[in-house]
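Chemist: When I checked TrEMBL for this same protein, it listed these features:
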type: ACT_SITE; residues: B:K76; note: active site, charge relay system
type: ACT_SITE; residues: B:S166; note: active site, charge relay system
type: ACT_SITE; residues: B:S190; note: active site, acyl-ester intermediate
type: DOMAIN; residues: B:23-482; note: domain 'Amidase'
Amino acid sequence: MLLHISKYIITRHLKRAPNIYHSNISFRRIWTSCQRCQIQPQMKTKRHVSPEMVGVVGLEIHAQIHSTTKLFSSSQVKFSAPPNSLVSFFDASLPGTLPVLNRRCVEAAVMTGLALNCTINKKSLFDRKHYFYADMPAGYQITQQRLPIAVDGTLTYSHLGGKKRNQVVTKTVRIKQIQLEQDSGKSLHDDYRSQTLIDLNRAGVGLMEVVMEPDMSCGEEAASAVRELQLILQALGTCLGNMSEGQLRVDANVSVHRPGEPLGVRTEVKNINSARYLARAIDYEIQRQMEIVQAGGTVLNETRAYDQKSGNTVPMRDKEGLQDYRFMPEPNLPPLLLYDSENVPEGLDPTQVVLIDRLRAELPELPGIKRARLVETYGILPEHSFILVNEDGLVDYFESVVKETKAEPRKVIGWVMQELLGALNQQNLRVSQSPVSPSALAELVNLLEAGRISSSAAKLIFQELWKSPGKSAEQIVVELDLGLVNDREKLLRICQTVVDTHPEQVRAIRSGNKRVLNKLIGEVQKRTKGRADPALVRSILEEQTS
Amino acid sequence: MLNLSIKEVSLALREGRISATELCQKCLNHIKKTVYLNAYITVTEELAMKQAQAAESRLRRGKPRGPLDGIPFSVKDNFCTENIETTCASQMLKGYIPPFNATVVQKLLDQGAVLLGKTNLDEFAMGSGSTDGVFGPVRNPWSYSSQYREQSDQDPESDWVITGGSSGGSAAAVASQSSFFALGSDTGGSTRNPGSLCGVVALKPSYGLLSRHGLIPLVNSMDVPGIFTRSVYDAATVLGILQGCDERDSTTVPTSNPVPNLPEDIDLRKIRVGIPKEYHAPGLSQETLSQWGRVADLFEKAGAQVQEVSLPHTQHSIVCYHVLCCCEVASNMARFDGLEYGHRSGVDSSTEAMYATTRHEGFNDVVRRRILSGNYFLLKQNYQRYFVKAQQVRRLISQDFAQVFRSGVDLLLTPTTLGDAARYCDFIQEDNRTRSAQEDIFTQSVNMAGLPAVSMPTALSRRGLPIGLQLIGKTFQDWNLLTVAHWMEQRLNFPPARFLRDASEVDVLGHQRKQTTGL
């Protein structure tokens with residue numbers, strides 16, 4: 001259908017950023033960066049930077065609203081569609097087109113606001129923010145500058161702290177506001193041909209800009225807060241939250257000061273597309289600013305970009321010098337009014353308005369509540385609850401296993417944390433891709449609980465289940481003859497053989513070195529492929545070597 | 001046949017006294033004959049004939065879609081028309097072909113009305129003369145009426161008068177009888193002003209009653225599509241079809257009431273007519289003033305209560321409008337950067353250079369000045385002093401009206417313009433900004449308040465040119481307004497224009513016109 005855009009917009013596929021699919025990867029890497037964060041103070045003292053200086057970090061997070069259509073038009077929202085294939089007349093800013101607010105986007109913002117303990121404004125307004133940029137065809141962005149949809153919230157997040165990094169440290173960051181606004185298109189600069197290619201597929205996609213107050217002090221905290229937000233958004237379904245696909249974009253406002261003194265000059269760090277880089281970029285920027293201040297210099301109020309290769313932040317080419325966005329009310333959108341069920345004005349169809357109380361009632365279980373419930377219900381460790389909730393689908397997996405087994409949840413969590421996650425990580429798989437289903441694992445745990453297999457055999461069976469997903473644990477026990485051997489006569493014979501063939505060890509035991517007994521137990525297990533009842537073996541060997 | 005009202009010609013079509021294609025052909029011929037008026041930018045002859053044929057076959061089967069089936073009309077060239085060039089009389093949009101129809105255009109086409117073409121205007125509707133467009137000025141058809149010519153002893157080529165604006169092309173199309181009705185737009189008076197100067201009924205509906213989707217905006221918060229017709233009845237017919245909620249324009253409101261009929265006679269004793277004293281403005285012509293008095297008397301004699309009212313903040317309307325208009329213009333025009341559509345400069349040393357030259361080449365001085373002023377008013381340090389202040393004043397202006405209506409007044413009677421149409425050569429002595437400030441004085445505040453208003457052809461001046469009066473109604477009381485306007489129309493006996501039909505004279509004029517545009 002479109003347009004005369006083709007003059008400038010040349011069809012060419014935008015290169016996708018290398019895909020980091022798994023939220024678990026970025027999550028795990030946060031912890032790597034936390035360690036950096038902890039190491040930092042030592043570096044500071046080494047460099048004679050005044051120790052009491054601290055970093056101050058605020059975040060502006062753009063979360064792309066998960067909806068089928070854009071914020072003000074009916075074009076589809078899809079990642080990596082052919083360039084300019086999802087562009088309505090409004091998105092291309094054809095003259096005479098008008099914005100029509102997408103209710104789904106409003107609901108998403110309200111749900112997100114409620115989940116972040118915000119006050120939902122029953123009346124909010126839209127504004128135009130003007131600047132010329134090729135991928136913003138109207139010359140302005142519609143946003144909510146004066147009166148946003150949600151204000152004054154909090155986000156509680158936690159990270160692992162302490163010496164062993166196994167203590168859960170909980171903190172809170174204030175949410176200043178959540179505003180609805182349009183996303184821009186994408187520009188691709190072709191320096192070789194000195195032209196710019198524009199893809200408007202993203203232009204007009206709904207964003208929630210979540211503004212966090214400068215309540216954080218290092219990259220680790222920021223990354224943890226973002227991770228928590230990501231989990232909340234995903235639980236709500238209001239944003240898919242994939243940073244590498246740009247569904248969640250974070251700008252960090254960073255400054256340094258000595259506590260009690262006014263905040264320092266801040267810089268804005270942009271261009272961060274993973275939680276790992278977020279932590280690194282912030283820590284680098286704090287360090288950089290501290291060094292400047294320490295050396296008697298002044299931090300410039302500027303926008304900096306994070307360079308993934310060097311791990312540094314570098315000044316961004318200042319787009320248009322001093323910007324005055326010339327904000328103005330958007331005249332084509334009446335105030336956005338929200339209601340509670342009992343005060344829908346007469347004449348309004350309740351199915352056509354957004355009801356705050358109804359959305360509140362429909363909120364799903366949020367990660368914080370979920371963790372507390374897991375600890376409470378199953379008696380697992382708080383850090384385990386974190387890992388369960390952080391891995392997409394892992395809570396469901398764990399709970400399914402628990403439901404199908406008589407084993408204590410604390411035993412199940414061991415299997416899930418060690419065997420399952422270990423194997424998943426090794427092959428870079430998501431929980432949903434696990435070849436071992438929850439019921440297969442449950443069956444395995446049940447066999448172990450019933451004393452039908454040894455724990456070492458159980459581990460072996462898990463490996464087999466992983467390799468051949470169709471089979472059941474029981475089947476493998478039979479096929480590989482892994483059932484626990486507790487036939488006393490049979491074990492007596494095997495033990496006797498072992499005792500007879502290891503005279504030196506037997507002598508050592510008899511002379512008082514009881515630890516050598518384990519060596520003999522190991523030999524017995526070797527001959528029984530690890531399926532001998534370990535308690536029985538021990539008592540027999542003790543008798544035979546006494 | 002061409003001088004009939006919609007009501008009359010619609011009947012003629014149904015009765016088979018004329019076919020839709022004959023009617024369309026007559027209009028097209030007449031457009032050609034009156035090309036010197038410069039009323040049309042684009043004439044869609046082929047398409048019009050096709051639409052007329054379709055209408056004709058429906059009419060022949062006795063199944064017309066409605067009162068507008070087969071009726072030729074035209075549309076101001078700032079409404080988007082699918083596959084038809086839409087220029088806003090600007091270099092910027094020359095050659096721009098929208099891929100969709102404005103909602104109001106679509107509604108008319110759906111009714112079987114026959115689109116003849118796109119009419120001339122001031123660039124992006126910024127002006128009050130229809131003299132500041134890239135396609136040249138529009139001439140008021142009354143310049144070539146015997147009524148005017150008899151009073152003038154000068155060469156028609158030097159003393160023709162303007163149509164007013166910015167919807168001058170649409171007003172001229174209806175007044176010159178080449179279109180039975182036309183769409184204009186009204187932001188500060190752009191429909192009523194040329195309606196008054198061209199002697200046609202010009203309706204500015206309540207803000208929110210008609211969809212703006214597809215109307216290329218001037219000031220979004222004040223723009224409304226306007227309707228030009230030769231009678232109030234016709235205006236009501238068109239309004240009935242155009243009004244209503246449009247999901248593509250969030251500022252439209254639902255209209256639940258079915259379209260009422262205009263009663264032939266009403267009891268005026270229940271009606272209170274306000275005469276705003278502030279409208280006795282400097283520069284108001286004696287003739288207009290006396291017509292104003294005459295019609296006020298007319299109402300009074302018929303039993304209406306006529307009383308003086310005050311709209312104290314009206315005096316600030318012009319400056320307030322200037323600020324708000326410039327701000328929205330600066331914003332609305334930001335999209336014309338030469339990237340997606342429209343004019344693009346050949347300068348491509350950088351994107352910024354391309355933007356700058358594109359916009360410099362694409363917009364005329366009037367548009368560029370308003371953009372510059374608007375951006376100045378919107379600067380962070382100026383926003384409170386200009387934009388916010390202007391919005392506050394706008395609210396006061398609005399409240400003035402509300403207060404008057406609350407006191408029991410049903411509608412206001414005012415002049416539409418200061419006087420009759422100015423000669424082009426006189427008009428262009430002043431710059432666009434000054435002229436707009438002068439010309440929009442009686443019309444602007446209505447847009448600030450979003451009220452419905454209609455300009456009624458009232459009488460001819462001594463120069464033989466139309467004088468119009470304006471009726472202003474309560475918001476969303478457009479039908480009551482038209483009811484009273486209809487009553488007023490019956491008693492005014494506004495004389496029809498007697499156009500010089502002498503072929504040789506028209507030819508001469510047409511010839512001269514071609515020569516001038518050829519330069």
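Keep in mind that glycine also has a Cβ here, set from the backbone N, Cα and C atoms.
Nobody curates TrEMBL annotations by hand; they come from automatic prediction.
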Chemist: For the domain 'Amidase' (B:23-482), would you mind checking the mean pLDDT of the predicted model?
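Modeler: On average, pLDDT over the domain 'Amidase' (B:23-482) sits at 95.
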Chemist: Applying a 10 Å Cβ distance cut-off over all chains shown, what neighbour count does B:S190 (active site, acyl-ester intermediate) have?
Modeler: 38
Chemist: What residues, ordered by sequence, lie under 8 A Cβ-to-Cβ from B:K76 (active site, charge relay system) and sit at least six positions away in the same chain?
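Modeler: Expected: B:K118, B:T119, B:L121, B:A125, B:S167, B:G169, B:S170, B:A182, B:L183, B:G184, B:S185.
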Chemist: Using DSSP and three states only, what is B:K76 (active site, charge relay system)?
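Modeler: It is in a strand.
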Chemist: Which residues does B:S166 (active site, charge relay system) neighbour through Cβ under 8 Å, counting only same-chain ones at least six apart?
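Modeler: The answer is B:L121, B:D122, B:A125, B:M126, B:G127, B:S128, B:S130, B:S185, B:S190, B:P194.
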